[in-house]
Amino acid sequence: MANPTDSRDNTISGYDSFTGSRKNNGTFLWWCAGAHGPTLESFPTEHNKYNTLGGVLLATFALAALSSGYAFYTIFGNVGWAIGFALLWGLIIFNFDRFMVATIRKYGISPGRQWRVALPRIILAVLIGITIARPLELKLFEKEINLKVTSNLQEKIKAYNIRQDSLHLQKVLNVKNERDQLVTRKKAMEDTLLRLQQSYVQEADGTGGSGVRGVETITRLKQGAYMQTSQQFDPAFRLIDSTVSAHNLFLSNAETELKKEKDVFAKAAFDNVGFLERNKALHDLSNEEPSVFWANLLISLLIIILETAPILAKMLLPVGPYDIALAKEELVPMSNIERALVIEQEKARSSNMSAV
């Protein structure tokens with residue numbers, strides 16, 4: 001008897017037109033497509049379908065890896081981390097896609113129910129497509145985005161400088177007012193001391209006060225008042241002098257410190273351009289330039305179509321012999337198990353009735 005495997009290998013699908021020899025079936029692509037290899041191998045006419053489906057799933061893995069790699073490189077700035085996260089994210093997306101395709105069943109299910117079951121998968125695929133598309137768009141428009149990022153940062157720095165100038169001016173005015181108030185207060189205290197000093201001096205030489213020269217009692221009283229007031233004012237004078245010196249130092253360095261703050265902010269702004277800033281720049285470009293908006297939209301639609309292609313392809317494929325065989329592989333054991341359960345239940349019911 002002829003070997004069934006040999007007869008399958010002699011078919012058109014088992015022939016490689018490039019080498020002129022029989023080819024080995026692409027089990028890796030079948031695995032990528034979520035197909036059951038041993039079952040699919042029995043149906044050569046189905047091989048090309050699942051080879052193509054597996055290739056599309058590999059393409060989505062590559063797109064997801066490249067897209068996330070660029071995004072992670074923008075975030076971390078490290079090639080090693082970017083490659084590692086890119087492979088991880090690509091495998092996650094690939095596994096999602098493979099799961100969604102592998103769990104779609106064709107035979108014995110009405111088209112309406114098939115689409116209802118597939119709808120959540122399609123929505124998830126669209127979301128994944130949008131996630132993949134954005135970093136690719138950022139890379140495709142990198143030069144334009146760099147210019148827009150520079151423009152946005154200059155506007156941000158300008159707004160920051162205006163805000164800082166306003167705050168600086170207000171702070172300088174406050175410091176000057178406080179310094180002037182302290183100077184005025186010190187002047188008033190010095191005037192008080194001067195009057196007290198003049199009072200006891202004039203009392204001593206007879207040019208003021210009682211007008212009688214040499215009255216030591218009154219002179220000493222006025223001198224005591226002066227000395228006591230001077231001692232009371234000394235701590236206030238020291239505090240005022242130190243505060244005024246600090247205010248003068250601040251005012252003399254205010255412009256330099258303000259310029260330093262502006263320079264630090266500008267450097268930090270340009271040194272820390274991340275994914276969010278670049279994404280904002282692309283959004284601004286889309287709003288300003290219709291051509292960028294339409295290009296973004298078309299790229300997003302293309303990536304979404306590629307991401308949903310495996311599911312749509314699986315849904316649109318006609319029911320083939322592989323689908324029927326797969327249904328048989330799944331349904332026959334389930335039917336046997338259900339039949340065994342029914343028999344066991346009937347036996348148990350009969351035993352209960354006999355016992356009664």
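If you go along the chain as it appears here, the first residue is 1 and each next one adds 1.
Note: Cβ is positioned from N, Cα and C throughout, glycine not excepted.
Since the structure is predicted, the reported quantities are computational estimates derived from the model, not experimental observations.
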Discussion item. Tell me which of 117-136, 257-276 corresponds to the transmembrane segment entry in TrEMBL.
Written reply: 117-136
Worksheet, complete the sentence: Residues outside the transmembrane segment (117-136) whose C-beta sits under 8 Å from one of its C-beta atoms, at least 6 past its ends, are 60, 63-64, 66-68, 70-71, 74, 93, 96-97, 100, 103-104, 109, 279, 299-300, 302-308, 311-312, 315
